[in-house]
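Here is the structure we will look at.
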Amino acid sequence: MRTLWIMAVLLVGVEGSVIQLGKMILQETGKNPVKYYGAYGCNCGPLGRRKPLDATDRCCYMHKCCYKKLTDSNPIKDSYSYSWENKAIVCKEKNPRLKEMCECDKAVAICFRENMDTYNKKERINTKIFCKKTPEPC
């Protein structure tokens, strides 16, 4: 519960793609992004990449890999242009660097929706103590 509170505090007043990512997740899944994915499994949240526990956790793993490929981007400060059209995320950003960030966020939001059947409530707030530190390569 403490982790969830900390994640909520971190998101308050934050601008940039972190907020846009949360909106995308809400639009794609209908779920509160902080509550359902803020500390899920071994890869969702601020800690480094670890071996994914399930398909939902793999979504976060792949999102971190996607962000790792970005150069000169700051997901906390940078924001991009996107819209929700006909129940689909459309990245409208002209800046190539920010468009890539938008595409990373879009991919994880869609991944969460496509893997909702693998979501394990027991992993919602994972302390990551028992997560294997050797991740697969991106």
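Glycine too: its Cβ is placed from the backbone N, Cα and C atoms.
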Disulphide pairing with Cys59 per Swiss-Prot - partner from Cys102, Cys104, Cys111: Cys111
Segment assigned the feature region 'Important for membrane-damaging activities in eukaryotes and bacteria' in Swiss-Prot (from 43-55, 69-81, 121-133): 121-133
Swiss-Prot annotation, disulfide partner of Cys65 among Cys104, Cys138: Cys138
Cross-link partner of Cys102 (disulfide, per Swiss-Prot) out of Cys66, Cys91: Cys91
Cys44 (disulfide bond) and Arg124 (site 'Important residue of the cationic membrane-docking site (MDoS)'), Cα-Cα, nearest whole angstrom: 9
C-alpha spacing of Cys104 (disulfide bond) relative to Cys65 (disulfide bond), in angstrom: 9
Secondary structure composition of the region 'Important for membrane-damaging activities in eukaryotes and bacteria' (121-133) [DSSP: H/G/I, E/B, coil]: 3 helix, 1 strand, 9 coil
Cys104 (disulfide bond) to Cys59 (disulfide bond) - Cα separation in whole Å: 10
Spatial separation of Cys91 (disulfide bond) from Lys121 (site 'Important residue of the cationic membrane-docking site (MDoS)') - C-alpha basis, Å: 31
